[in-house]
Amino acid sequence: MLCATVSGPSFCEAKQQILKSLHLVDIIELRLDLINELDDQELHTLITTAQNPILTFRQHKEMSTALWIQKLYSLAKLEPKWMDIDVSLPKTALQTIRKSHPKIKLILSYHTDKNEDLDAIYNEMLATPAEIYKIVLSPENSSEALNYIKKARLLPKPSTVLCMGTHGLPSRVLSPLISNAMNYAAGISAPQVAPGQPKLEELLSYNYSKLSEKSHIYGLIGDPVDRSISHLSHNFLLSKLSLNATYIKFPVTIGEVVTFFSAIRDLPFSGLSVTMPLKTAIFDHVDALDASAQLCESINTLVFRNQKILGYNTDGEGVAKLLKQKNISVNNKHIAIVGAGGAAKAIAATLAMQGANLHIFNRTLSSAAALATCCKGKAYPLGSLENFKTIDIIINCLPPEVTFPWRFPPIVMDINTKPHPSPYLERAQKHGSLIIHGYEMFIEQALLQFALWFPDFLTPESCDSFRNYVKNFMAKV
C-alpha cells in the first residue's frame, strides 16, 4: 500500500494535506506527534476525513515514557484500524493495547540512523506479534542501499524495509519490487518527516504507478549525478511507453565501483547511463564492449542482456546526429575539443571518422596527447586556447566549475546540461556564434540509449515527445 504521511503542523494544514493526497494513495498516516495539539473534535475530523488512517505518535525527546504510553492508550481507545508503534515501547504497554483493542492492526517500527544488520533486526522483531514489521535503515552509499533492497526481497511478508538519508530514495521507488507491505511519502503540501523521505508527487514521477515485483531498473551512475535531469525526462518516457520500469540516479564514486557492481548482479537492472568519473573506470565490470565504446575507450551506456553486461557509447553518435540535424558538416573543419574525459573521447573519435581536424585542449597535456593520438588530432595545453587562431567549431566538455579561455568561433557547443543557459553560451551568442546547448546533446544520446534498452517500444512519436519534454523543461529552468 502507498501511504501519504500527513504532519500539519496545524489542524487546517493537516486537513488540506489529507484532502489533496487521499485520491493518490491507498492510506493516510497521521503523524499526531508532529501536529499541533488537537481537541477531540479536530482529531475526530482528521480521522474521519482520512478514512481509516494509520495513527502514529512517536516519543519526543523531552517526553517521558509514561506520558508517551498514556498518549498511545488514549489513541487506542479510538479503535483505529491501524496504529504504528515503535519497537522501543515497553512490551507490557504494547501487550495492554493488543489485549484491550484486538481489532487494531499493528505496524511495529524500527528506525535507525546507522547501517545495521537487517536480518538480525527482523528476527528480533518477530518475537513481538504484529501485522506488519517496518524497518527503516540508513545506508551510507548506493551499494549498501541496494544490498538492503536485495535482502528485503527475501524477507517473509508482510514486511516493509525502507531507507533514509541521501541514499534512501531507491528503496522508496522500488518498494513495489521489494513487495513492501507499506510505502511512505510526504503528503501533498506536507513536510518531510524523515531525512530523504520523498514527497508524494516526486515518488509518483518515477513511473511509480506502473511498478510491480517484476519491474525493470534503469538508472544513472557517477559522481556527482545531481546535475542530471534524467530522473525526470527518462521516467516521462517510461510512463509514456507504459513500461514496467523506472529510472533512478545512483551516486557512485570510483571507490565504490566494485561493491556496486556486486550488488546489481542479483537485481533486475536492464540498463544504466554512465557519467563521470566512471566512463573509463568500469571496463573491468563489463562482459563485452561494443565498437562504439572500444573506439573511444569510454562507456556511457550499459545494457544488461542474458546475464551479461554490455558496454556502449552514444555520446559521439549523439553529437554527430545533432550536428547533422542542424546541417552542420564537420568534414575538413577545425574543431577544438576542450577537455579529454570520457565524453570528449567519444565525441573526438566520432568526429574524426567524419573527417574533422581535431585540436584537443586540456589541463593535463598528457591526457590531451593520448586522445589526440587516438583521433589523429593535435594536443595543446588548456591555456593556449586563448591565442589559437584556426577554429570553426568549439565543443566544451569540461565540467561547469572548470574555467578556460573563452573563444567565439562560428559555432560553439557546451555539452553540460546545467547551468542553463551556460554563461559561456550566453556570451558566445552575443558575439554572434551559433550556439548548441548541452540539453540538445543530452536528448540525442539518450534516445540512442533508449534504442539499445527497449528498441521494440520506441517510436518516432515517442522520440518527439521526449525531445519536446526536455526542451520545455529546460525553457523553464
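These residue numbers are counts, starting from 1, taken along the chain as shown.
Every residue, even glycine, has its Cβ placed from backbone N, Cα and C.
Quick look at what Swiss-Prot lists:
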{"type": "REGION", "residues": "1-209", "note": "region '3-dehydroquinate dehydratase'"}
{"type": "BINDING", "residues": "Ser21, Glu29, Leu30, Arg31, Thr56, Phe57, Arg58, Arg172, Gln197", "note": "3-dehydroquinate binding site"}
{"type": "ACT_SITE", "residues": "His111", "note": "active site, proton donor/acceptor"}
{"type": "ACT_SITE", "residues": "Lys134", "note": "active site, schiff-base intermediate with substrate"}
{"type": "REGION", "residues": "210-477", "note": "region 'Shikimate 5-dehydrogenase'"}
{"type": "BINDING", "residues": "Ser228, Ile229, Ser230, Asn300, Asp315, Gln445", "note": "shikimate binding site"}
{"type": "ACT_SITE", "residues": "Lys279", "note": "active site, proton acceptor"}
{"type": "BINDING", "residues": "Gly339, Ala340, Gly341, Gly342, Ala343, Asn362, Arg363, Thr364, Gly438", "note": "NADP(+) binding site"}
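Shown here: features listed in Swiss-Prot, placed on the structure.
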residue : record                                               : DSSP (3 states)
Leu30   : 3-dehydroquinate binding site                        : strand
Thr56   : 3-dehydroquinate binding site                        : strand
Lys134  : active site, schiff-base intermediate with substrate : strand
Ile229  : shikimate binding site                               : coil
Lys279  : active site, proton acceptor                         : coil
Asn300  : shikimate binding site                               : coil
Asp315  : shikimate binding site                               : helix
Gly341  : NADP(+) binding site                                 : coil
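Among the binding-site residues Ser21, Arg58, Arg363, Gly438, none has a Cα sitting within 10 Å of the Cα of Ser230 (shikimate binding site). Here the binding-site residues are Gly341, Gly438; the one with the fewest Cβ atoms within 10 Å of its Cβ is Gly341. Note on proximity: among Leu30, Thr56, Gly339, Ala343, Arg363, the binding-site residues of the record, the Cα nearest Ile229 (shikimate binding site) is that of Ala343. In the three-state DSSP assignment, the secondary structure recorded for His111 (active site, proton donor/acceptor) is strand. Just so you know, the Cβ of Ala343 (NADP(+) binding site) picks up 28 other Cβ atoms within 10 Å once every protein chain is counted.
Here the candidates are the recorded positions Leu30, Thr56, Lys134, Ser228, Asn300, and by Cα distance the one nearest Gly438 (NADP(+) binding site) turns out to be Ser228. In terms of C-alpha distance, the listed recorded positions Ser21, Thr56, Gln197, Lys279, Arg363 place Lys279 closest to Gln445 (shikimate binding site).
Proximity note: of the listed recorded positions (Arg58, His111, Ser228, Asn300, Gly341, Ala343), Asn300, Gly341, Ala343 have a CA within 10 Å of the CA of Lys279 (active site, proton acceptor), given in sequence order. In this structure the C-alpha atoms belonging to Asn300 (shikimate binding site) and the residue listed as 'active site, proton donor/acceptor' are separated by 37 Å. Gly438 (NADP(+) binding site) carries a helical DSSP state (H, G or I).
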